[in-house]
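Asker: Annotated active site per TrEMBL: ASP7, GLU66, ASP138, in sequence order. Per TrEMBL, Mg(2+) 1 binding site is recorded for ASP7, ASP138. Annotated Mg(2+) 2 binding site per TrEMBL: GLU66, in sequence order. Residues or ranges marked as region 'Disordered' in TrEMBL: 159-180.
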Amino acid sequence: MLILGIDPGSRITGYGVLDVTTPTPRYVASGCIRTRGDDLAQRLAQVYAGISELIGMHGPGEFAIEQVFMAKNADSALKLGQARGTAIVCAANHGLPVSEYGPRQIKQAVTGGGGADKRQVQHMVTAVLGLDGSPQADAADALAIALTHAHARLGLINRGSYGGGRRRGKGTSWRDFRPS
């Protein structure tokens, strides 16, 4: 079974694909979807098309994405939210279950510390997956998200919860959403 991890962005969306058919996740692919142009709607369409292509190419069984965090710039936070929404809709349209993880939870799962910086996350992703070189930062973040989901599947962390596992109980899933 494959997991597609996504680090969303309106300009650069990182992706990482892991095979979790064994207890030790195996690297399959990673990279970035780079959008062009100034029109946000067109960039979001490119994100959707890129993720749709990845789903068609790799056939993942599950989808994991980073939850929104508070950004200093409100405009950036809104664009990030729109990119997240685009990615989630794409996954849902392909019938994939969606799990979400907060930044601190991802850092905790991958590095052992919720306050890790990007370089530490990149280093641990490279080491844990046995990669020859460090992936680009956005791709490393997406692989970290996929690794976090792999850990959640094994019961090593709370599935789809926010805040480094502080919340107890049922995790967040788009499968639970029922429109009125």
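Note: Cβ is positioned from N, Cα and C throughout, glycine not excepted.
Caution: TrEMBL annotation is automatic and unverified by curators.
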Asker: Would you mind listing, in sequence order, the residues at least six apart from ASP7 (active site) in the same chain with a Cβ closer than 8 Å to its Cβ?
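Answerer: Residues satisfying the criterion: THR13, GLY14, TYR15, GLU66, ASP138, ALA139, ASP141, ALA142, ILE145.
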Asker: Secondary structure at GLU66 (active site) (DSSP, helix/strand/coil)?
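Answerer: Note: GLU66 (active site) is in a strand by DSSP.
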Asker: What does DSSP say about ASP138 (active site): helix, strand or coil?
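Answerer: Note: ASP138 (active site) is helical by DSSP.
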